[in-house]
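Since the structure comes first, as structure tokens, the remarks are kept for the end.
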Amino acid sequence: MAVGNETRVTEFILLGLSSNPDLQIIFFVMFLSMYLLTIAGNLLIMITIYVDPQLHTPMYFFLSNLSFIDLSFATVTIPRALVLFLMQIRTISFRDCMTQLFFLHVIGGAECFHLILMAYDRYVAICKPLRYTTIMSKRACLLLVLSTWAGGLFHAFPQSLPIILLPFCGPNVIDHFLCDVPTLSLLACSNTFISESVDMANSGLLAIFGFSLLVVSYVYIISTILKIHSAEGRRKAFSTCASHLLVVSFFFGPIAFVYLKPSVSFAADKPLAVFYSLVTPFLNPIIYTLRNEKARKAMKKLGGRTISVFRTRIN
């Protein structure tokens, strides 16, 4: 579309992870397998928590919302990547690209705030156990979860708007499998100082601030755990916190690297994007269920109940 003497870009071309056809098939199989397992694992957690009354506690309510966030986060980017790998359809319209960018940051911001919320929940449970039920009431938990989504929206608008307003007049080739601020900034045909500054201040500092807040929280949590006299009590508390710390490291590490550097292409950009958009949502259900005996028992109970119902209907 021509505007004055400039030709505005109406679509972008995503190069994906490789131009090698054999590798594209391998990536398709790998991404599809992990995506289907991500859907199954996160849905299983949400359903198990919903149907088991013993899991109707703040911690599991927050875990079910994390599963929903992870499932949504993967769905924003992976289906489009699968089409790219299998059918070699590399074009994406300007509108679809900006929509993907916006929701990537809505959900990514929500996950950042939600991980901080989960750390706060553990802090209250371990450091202020007598006030836990009062502080983490049902109403408070619901409002806290809604606030994480509101935080995601407040993060996404200033993150995506400067990019949407930039003029793109060519080239239109994105050396990636998704649309994001760093890759799109390289294609703009005007000064990107404002968008890059907003990107670094918004996403980068959010990642650093969030991770720093989590570290401070866990210093208090671990110091309290060490004062617990019961060895079993210490083991359970450490097990729950270790799972959360592992998830936090997987999420904040790659994001801090991607958004705190200048908008130049690095070889690590694509692997890191794969990690936070697919690997982390895939691993989170495994991490939380493997280290949570109560959740494992509830899943086995749900599985036994499902098999029993299935057999009854067959007979």
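We number each residue from 1, going along the chain as drawn.
Including glycine, each Cβ sits where the backbone N, Cα and C put it.
Automated prediction, rather than curation, is the source of TrEMBL annotations.
Here is what TrEMBL records for this protein:
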- 41-288: domain 'G-protein coupled receptors family 1 profile' (DOMAIN)
- 25-51: transmembrane segment (TRANSMEM)
- 63-89: transmembrane segment (TRANSMEM)
- 101-120: transmembrane segment (TRANSMEM)
- 140-157: transmembrane segment (TRANSMEM)
- 205-226: transmembrane segment (TRANSMEM)
- 238-260: transmembrane segment (TRANSMEM)
- 272-290: transmembrane segment (TRANSMEM)
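Between the transmembrane segment (238-260) and the listed ranges 25-51, 140-157, 272-290, the one holding the most Cβ pairs under 8 Å is 272-290.
Under 8 Å from some Cβ of the transmembrane segment (140-157) lie the Cβ atoms of residues 58, 61-62, 65, 102-103, 105-114, 117, 202-203, 206, all in the same chain and six or more residues away from its ends. Remote same-chain residues near the transmembrane segment (25-51) are listed as 16-18, 60-61, 63-64, 67-68, 70-71, 74, 78-79, 81-82, 85-86, 278-279, 281-282, 284-286, 288-289, 295, 298-299, 302 (criterion: CB distance under 8 Å, separation of at least six residues from the stretch ends).
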